[in-house]
Amino acid sequence: MLQQYTLLLIYLSVATAKTITGVFNSFNSLTWSNAATYNYKGPGTPTWNAVLGWSLDGTSASPGDTFTLNMPCVFKFTTSQTSVDLTAHGVKYATCQFQAGEEFMTFSTLTCTVSNTLTPSIKALGTVTLPLAFNVGGTGSSVDLEDSKCFTAGTNTVTFNDGGKKISINVDFERSNVDPKGYLTDSRVIPSLNKVSTLFVAPQCANGYTSGTMGFANTYGDVQIDCSNIHVGITKGLNDWNYPVSSESFSYTKTCSSNGIFITYKNVPAGYRPFVDAYISATDVNSYTLSYANEYTCAGGYWQRAPFTLRWTGYRNSDAGSNGIVIVATTRTVTDSTTAVTTLPFDPNRDKTKTIEILKPIPTTTITTSYVGVTTSYSTKTAPIGETATVIVDIPYHTTTTVTSKWTGTITSTTTHTNPTDSIDTVIVQVPSPNPTVTTTEYWSQSFATTTTITGPPGNTDTVLIREPPNHTVTTTEYWSESYTTTSTFTAPPGGTDSVIIKEPPNPTVTTTEYWSESYTTTTTVTAPPGGTDTVIIREPPNHTVTTTEYWSQSYTTTTTVIAPPGGTDSVIIREPPNPTVTTTEYWSQSYATTTTITAPPGETDTVLIREPPNHTVTTTEYWSQSYATTTTITAPPGETDTVLIREPPNHTVTTTEYWSQSYTTTTTVIAPPGGTDSVIIKEPPNPTVTTTEYWSQSYATTTTITAPPGETDTVLIREPPNHTVTTTEYWSQSYATTTTITAPPGETDTVLIREPPNHTVTTTEYWSQSFATTTTVTAPPGGTDTVIIREPPNHTVTTTEYWSQSFATTTTIIAPPGETDTVLIREPPNPTVTTTEYWSQSYTTATTVTAPPGGTDTVIIYDTMSSSEISSFSRPHYTNHTTLWSTTWVIETKTITETSCEGDKGCSWVSVSTRIVTIPNNIETPMVTNTVDTTTTESTLQSPSGIFSESGVSVETESSTFTTAQTNPSVPTTESEVVFTTKGNNGNGPYESPSTNVKSSMDENSEFTTSTAASTSTDIENETIATTGSVEASSPIISSSADETTTVTTTAESTSVIEQQTNNNGGGNAPSATSTSSPSTTTTANSDSVITSTTSTNQSQSQSNSDTQQTTLSQQMTSSLVSLHMLTTFDGSGSVIQHSTWLCGLITLLSLFI
């Protein structure tokens, strides 16, 4: 019975719980606090604190009721809490659960449930603060691409909604300060998945990309890539926070594993940028490191390669114990009507996977129908999950019945009465039907007007009574044509003005017109009282005057003025006696005659001008005896013919004799016009001609004709420049030379033909850098030697390296014929061996041999068991013999290559390699010797990821060697001994490292071992630089992490090596000498951050002089001196540093040479 009662209460509580809205009613503030070290306050950079106002009224809200705040474009809540309480005065009235949208939804929600503390008598209100971060994109998912357009830099309006209640606030978002043209990266923590979404956008290429490779991978093994959640695309643009706003497919190849994701792409069009994003799981999502591949070729540009490494740090969004679990997000379709996010039950002691379910409703299709009825009905055609359900909505509509009636209003009104219980509604239409109206207007004593309507029953007459105050009166007196006086009153409408018009008979009028000085006319009426006489005064401006002069028959002059009425024009008529007349006749260019009278002013003389067309003219030219010419015109009357008589003096005469084709002589006179020259032409038969051609010194040709008198012989003289000459040399079979000149006609080219006996020929074959062969013949002048040069591509070379029993190395090149393969045979002496003993944690001893390349040193590593108290041991020295040669001249080239590698906060390594090539010039007859010496400087940083040094300690081995190579002719064997020893130990007292010591000796055929100190000087010194190799090997640090101070250990070794070669030189000259100094140093630094830095560098300088004098007798002695000052560093296990002088180690080394 109790169980049934409990179930009943549960059912009742569920049945009565409802969804309410409008609880959140104000957006009070939205402020930003920097949750990390962000450089700008963008919408996606935590934390934005939203303060919202809320109100719960117990009369409308009940315990168990729910309400939801929908927050568009909110990505997550930046808190480890899962809920927040709405409290007032310490009392909780509702609990709200955080549901972050993250990568699943474009919005976040706050789902709240009313608590039992809310009763009908309580109305609670207050504020709540929500820490959150907005979503403005960050991946290529559909959710992020949609939210990438939520905001822009500057002022934005953020709007949340609680049901139909919207609350808003304006906020200013700052633009990203990262240059969008470079590569772009972003990482964002997804708290519900305990994962990070990581984005990488390629650098901008304005014209598109030809090809490229991009991606990222874990650096220290603390990151795993989720290959099932990857987006790859190209975006048309970026928003103000450098996130893609679109994603389009393109051609690429993807390689993904748990260690990294990489894509290789080609042909990205202009305006697009490729990007890739993925989910990653990190040991600590708030601190991890990624290495990025960044290679690309812009269209029309060069290949770019710029890899980089980034260490990401952040803040924790969840409790400390929540890290390390696997969280899976799944989507499930349910029969609910809204989308929700829920977390399935999870027991960390039993379950291994926490599941977040995204519950989505079954999609529906709505069909709307209608019918005649009262209620709306809904019917659902269900469908299984995975299909689409159908909702049929049947909406009712009513029919109507219209009732029309009349009323006394002035408009037609329509009223619809909806029947709530039936499908027939009533429409009442009222049509106006007014009574006739009678309006009566009357005046009364009040100063205001009133209107009173007396309404009669329908069908009768209504009365409108208007009472008006009396009108104002204006009296006007005017004249009219009658002879008596009348008075008329015009009553205006009420509120207007009445008029009283008095009409009087007109007064008699007297008009006076006068002229005045103004240019206009005025009329002034002087009105007399009624019955008197009015006066009209007209004032006129003076009239215009037109003066006309005319002739009359009298011999005297008269003037008459005709006055016009005012405003007209007065006329002045002047009559003059006629003027005397003069007639002039002239010719003009027209073909007709005209007569024109030019009237002069009265009293002068008029002119009659007759224009005649010109007469025809006849010109006659005749010669006379005078030496000048004259022209005389005899003018005829108009219409006849004029005569022009020209008299010319006689013309000059020019006589010309010319030849023609006839065999007889003629004379012709050509008369020129007067003043010209008459010509007398004598034509003679042609003379016979003789032509002569000769050469002269000028560069052009001329032709001169020497004409003889008629009947004789003419001469034509042609002068030609000398011809050009072409000399051709050819070989023939005779043993002697000949020269023949072939002369061409003038203006052409003479030929000089030289015949030479054939030259001797020398053929030379040489190699060049091209891949094909050519043959070139260099022809020498006659009598010389022709050269045939055959250029062959270099032969392929096969190098074979083998060991032999000698202590020196040789290189022999066997040159094959062109087109075949040369063989380089390198014979190397066996490598020297260095034995190193190390201690390890195993209970047995083993040995490993590390074989170096020829010329290097093989290493035998003996791994021995470790005991708590172990005596330091020294490895027996190993001797390496080197045979060296001394050359006359050294040419030295140096090349340095530096490579830097950085890995986040774990430090950087720099490796610098310098290579020197020593060669002998080709112009001396000594064998070519090439010696390469490398200098390597390595700086490294070691770090313990856990922050605790290992107890096994650190072993630092420093090896420093100095080599001097020389060549002598004839060769004298020289031995260079290299001694390497290593000291090992545990964390107790004792040395941990020692330098290598080089002892050099000079041996001739009769000596065994000689060590001495000597110095030699030379006058001609050429300073060169030779580098000496050095190496540093370091294992784990041994300093305890409890030390707060930094410990610095410095090891310095200085050595001076003097190599002197003396020559017993009877012919004189300087003996070659060499001086070498070496200064290696090692610095070790340890600090409380568990970082040890070791740096080894070695510099050596060498000076050398050479003799050019031929050596006839040689006796050689090699001396070496080594001075070593070295401080050994010992860690005693407690963090103290003990330094020991290394003279004892050096002594042990020397003693070991004789063991």
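Every residue gets a Cβ built from N, Cα and C, even glycine.
Values in this document were obtained by computation on a predicted structure and should not be read as measured data.
Disulfide annotation in Swiss-Prot: Cys73 is bonded to Cys150, selected among Cys150, Cys205, Cys227. Of the listed residues Cys112, Cys256, Cys298, Cys298 is the one Swiss-Prot pairs with Cys205, by disulfide bond. If you take the C-beta of Asn615 (N-linked glycosylation site) and look for same-chain residues 6 or more apart in sequence within under 8 angstroms, you find Tyr587, Thr635, Ala636, Pro638, Gly639, Glu640, Thr641, Asp642.
Distance between Cα atoms for Asn723 (N-linked glycosylation site) and Asn471 (N-linked glycosylation site): 137 Å, as a whole number.
Cβ contacts within 10 Å of Cys227 (disulfide bond), excluding its own Cβ and spanning all protein chains shown: 15. Non-local neighbourhood of Asn759 (N-linked glycosylation site): Tyr731, Thr779, Ala780, Pro782, Gly783, Gly784, Thr785, Asp786, each in the same chain, at least six residues away, with C-beta under 8 Å from its C-beta. Long-range neighbours of the repeat 'ALS 4' (474-505) within the same chain, counting only residues 6 or more positions beyond its ends whose Cβ lies under 8 Å from a Cβ of the stretch, are 441, 443, 449, 466, 468, 530. Of the recorded residues, Asn795 (N-linked glycosylation site) and Cys298 (disulfide bond) place their C-alpha atoms 39 Å from one another. The DSSP breakdown of the repeat 'ALS 8' (618-649) into helical (H, G, I), extended (E, B) and coil residues amounts to 0 helix, 19 strand, 13 coil. With a 10 A radius on its CB, Cys205 (disulfide bond) counts 23 other CB atoms from all the protein chains. DSSP assigns Cys256 (disulfide bond) to a strand segment in the three-state reduction. Taking all protein chains in view, 16 other C-beta atoms sit within 10 angstroms of the C-beta of Asn723 (N-linked glycosylation site). For the disulfide-bonded residues Cys73, Cys96, Cys112, Cys150, Cys298, the ranking by surrounding Cβ atoms (within 10 Å, all protein chains) places Cys112 first. In the repeat 'ALS 9' (654-685), the DSSP tally of helix, strand and coil residues is 0 helix, 19 strand, 13 coil.
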